[in-house]
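A short worksheet on the structure shown next.
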Amino acid sequence: MEVAIRPVRIIAAIAALQASKNKLHILVIGLILILLTVAVVMRQLLVPVNGAKGLIIASVEFASYNLRLPTVFCCLVMTNRKRNNIEDFTFSILVLDKKLSSMGFPVDYDDIKKHVRRLIGFLIFKIVLQQIAFCTQGFSWDTTDYFDYIVHNIPLIIIHALLIQWIIYLAILHLHFKKLNTILKTFLYGECWMVEDFRRKKTNRKHEFIRSCGTIYDTLCTQSQEINSAFASQILFLIPTVFILIIFNSFQTCRIIKKLIGFDCVWVVFDILYFVIFLELVVPCVVVREESEKFADTLHKINDNAIDDAINLLILQSYHQKIEFSACGVFPLDGTLIYTILGALTTYLVILLQFDL
């Protein structure tokens, strides 16, 4: 596993999202925050928010510009503070891999390696797209333009690096739930295949095997809470920030369509990128949860009188121990959040467009 996620750790270290023992890491975080603070403050002093647009539109514009700073601060500080949770997660997964190998079901990380390569390629594509958006809009590249460039790009790059970690750790969880479901499916085909270590034991090997599956399921549920805790605070800041940024960029895109303002590639490109961020936060959680629910479905299909009691206990365990992802309990990270955000986005866009007429 360490080899598979090494590129993710390198990206996290470059983005100052992975703590190290030397003081240089703290210095990098401080420099990033100082640079962003200076850029935000100076940009507001040079180009204050135009109150003639109306209080609501001016407030949304102000919030969309200034929320990036506290969000980046939270992402940098909390990710480094929660590094122990991430280390505990990786250690527990390594222990679990050894147990699965001893049961005759070694975990293959080739899919994770491919997933990491795809995410890194997508990260490069997004960063290049950001630069193209700025270069094609005909900047005069005065002082204000440089501040705009810093405020728009640096926070987004840090968020991209954070999301790669989030997606990969959830992908590892998904891989192990999938492996657990594969193990359970061996009970559907008559005599369960097991390694020789299980065959030598005098006790009922099926009972011991099914109890091992229950222990693995419990470990995966615990580690899902562990990784959720490591990123919950960052996600709690990200969701409102991304929501406001989507509203404002969508509003500007609608104004471009209505020809109320000239075409600006930045609004369109960044609107798409922020919506992609929102999907990257939620969709992996939905995928992991769906895979975990297959565990109980497979248990219900096993028809073996010799292990009925063990199966019933495991079904009861899966009923009371379910996978849940949330942003500190405020936002549930599931499909309902997507529909809620889309509904709220439509409502606020209508309000902003009415005030703009």
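Using the three backbone atoms N, Cα and C, a Cβ is placed for every residue, glycine included.
What TrEMBL says about this protein:
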type	residues	note
TRANSMEM	24-42	transmembrane segment
TRANSMEM	54-78	transmembrane segment
TRANSMEM	119-141	transmembrane segment
TRANSMEM	153-175	transmembrane segment
TRANSMEM	231-248	transmembrane segment
TRANSMEM	260-283	transmembrane segment
TRANSMEM	336-355	transmembrane segment
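The stretch in closest packing with the transmembrane segment (260-283), judged by the count of Cβ pairs under 8 Å and taken from 153-175, 231-248, 336-355, is 231-248. Taking Cβ pairs closer than 8 Å, the transmembrane segment (153-175) reaches residues 1, 5, 8, 11-12, 14-17, 32, 35-36, 68-69, 71-72, 75-76, 79, 86, 89, 93, 107, 109, 111-112, 115-116, 119-120, 123, 126-127, 130-131, 134, 220, 223-224, 227, 231, 234-235, 238, 270, 273, 277, 280-281, 284-285, 287-288, 291 in its own chain, all 6 or more past its ends.
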